[in-house]
Amino acid sequence: MNTADDNAKQRLQELIGPDYTLQWIVGHGGMSTVWLADDNVNDREVAVKVLRPEFSDNTEFLSRFRNEARAAENIHSEHVVTTYDYREVADPAGHTFCFIVLEYIRGESLADMLEREGALPEELALDVMEQAAHGLSVIHRMGLVHRDIKPGNMLITANGILKITDFGIAKAAASVPLTRTGMVVGTAQYVSPEQAQGHQVTPASDVYSLGVVGYEMLSGRRPFTGDSSVSVAIAHINEAPPQMPTSVSAQARELIGIALRKDPARRFADGNELARAVSAVRLGNRPPQPHSPAVQATAVAPSPSASTAMLGQVARPTTSVPASPTVLPERQEKRGSGVGLGLLIAAVIAAVIGGIIWAGATGVFSGDSEETTTPETITQTVTPTETTTSEEPTLAPPPVQPTRQPVPTPDETPTRLPTTTQESPTRVSPTPEETDEPGEQTTPGGQPPLSTLPTSLGWQNNQGGTGNQGNPNTTGNPANPGTPGTTGGNGTGNAGGNSPDAADELLMSLDELMNVGGNQ
């Protein structure tokens, strides 16, 4: 950390006060920065999410930041990142300085996991869905709608526990929107049809978004893509999702199909109904229909299962390395070591010894060989991560009966270390099958009627919000990626925001929207 950074950190520390001691930055979001800090009062690590100075005088951003703290402060669930504190102080220039103190989660955001793994095994994907649905059930019982459920705002700890973060655009179901009438806030890839049109959002809107996440986990791709946020949103409004791979069970496909119904009244009503339905599918049953007695009883939070433990093994803590290496946690220094390095060294030594023995046997060093022998080059590519993938070195042991042109035949291949990375599933063209959803009505060109489109669309494409990009074991407090990282993602350590969708705030007029739709 250079002098300028030290000075900036010192000024920030003075504003925060003595209760929290800043360590280093673990995540960045669209409107905030997340620090790992020590809670000196309660003797614990926390994620401190600081609103960026350039937004502190912006009424809309300040309202969102306050809303995030207030919306989450009374939510207590194992599957929701905990908010500990919120403060506003005036800086020397008279500007408002705001920060939220959140639970610091060591782990990884679901967004980072999906980027690395592709599709997840069905049991793991359903485990994630059930845990997330339980978190949503608590949020919905508090009368809130999250409005931005996506992989970047879902953090997974080393124990396989999923936590929802980033309440920056959450709202009470009966309250007025944070933004002006006709404006949409959310992430286009996961937005519900009613939210995309600027209509009233309900808990069923969060169910739809989680259904999109489930589709992505099981299929290895999102149901709708496009060259702009608006084109993706229009697809959510008008198009039926593509068939899922036939490798996914019929029960799981039916579950996702119900969650992705265009009409919110035909979906599961809230997180509780969805949790009950996922539980039934995990037992091998068909999902119960929405609003039926089977899904209206209060869902019981699942006990950690074998799949939960496996999920924790798949989750890989991603750490945002501080500028000064002297403050790195000791456990991070061990990440590059292990059996893999030992096997690599052993393989290289074996190859060298084998080459020497073979050379002696064939007379390469004796001077009586008339041929020029070019030793085989052994190439080993090593990537210092837990999922190291390297080319297997070819070992050339001495042949039993060497000839003048020996051709070494490998007879031993170093054992590869097991890795949690799974092969990308083979794309299987699904056979046509009936869906429970009739074709949606569209206008010519696939565009929704003018009356269904909001005056403008404002997409917050932050796949992780502000997450705490955390240390190993982080769900991040990127894995608090907002709370990124914590509320926004306690993500890779509360950095809920390192995701493919991190990004831009887009405001588009109706004319621009029509142009985009017409050019598709």
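Note that Cβ sites are derived from N, Cα and C of the backbone, with glycine treated the same way.
A simple way to gauge crowding: the CB of D148 (active site, proton acceptor) has 28 other CB atoms within 10 angstroms, across all the protein chains here. Among the features that Swiss-Prot reports, active site, proton acceptor is placed at D148, with the record citing sequence analysis.
Cβ neighbour count for V26 (ATP binding site) (all protein chains, 10 Å cutoff from its Cβ): 39. Annotated ATP binding site per Swiss-Prot: V26, G27, H28, G29, G30, M31, S32, T33, V34, K49, in sequence order.
Taken from Swiss-Prot, the feature compositional bias 'Low complexity' covers 374-394 (among others).
Annotation comment: Swiss-Prot describes 440-449 (among others) as compositional bias 'Low complexity'.
According to Swiss-Prot, the compositional bias 'Low complexity' annotation covers 469-484 (among others).
If you look up Swiss-Prot, you'll see 485-496 marked as compositional bias 'Gly residues'.
The annotation region 'Disordered' is assigned in Swiss-Prot to 315-334 (among others).
The region 'Disordered' annotation in Swiss-Prot covers 366-504 (among others).
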- Cα of V26 (ATP binding site) to Cα of D148 (active site, proton acceptor): how many Å, rounded? 21
- Item | Top Cα neighbour of D148 (active site, proton acceptor) in the set of binding-site residues H28, G30, S32, V34 | G30
- Note on the structure: Taking every pair from V26, G27, H28, G29, G30, M31, S32, T33, V34, K49 (the record's ATP binders), the biggest C-alpha distance in Å rounds to 15
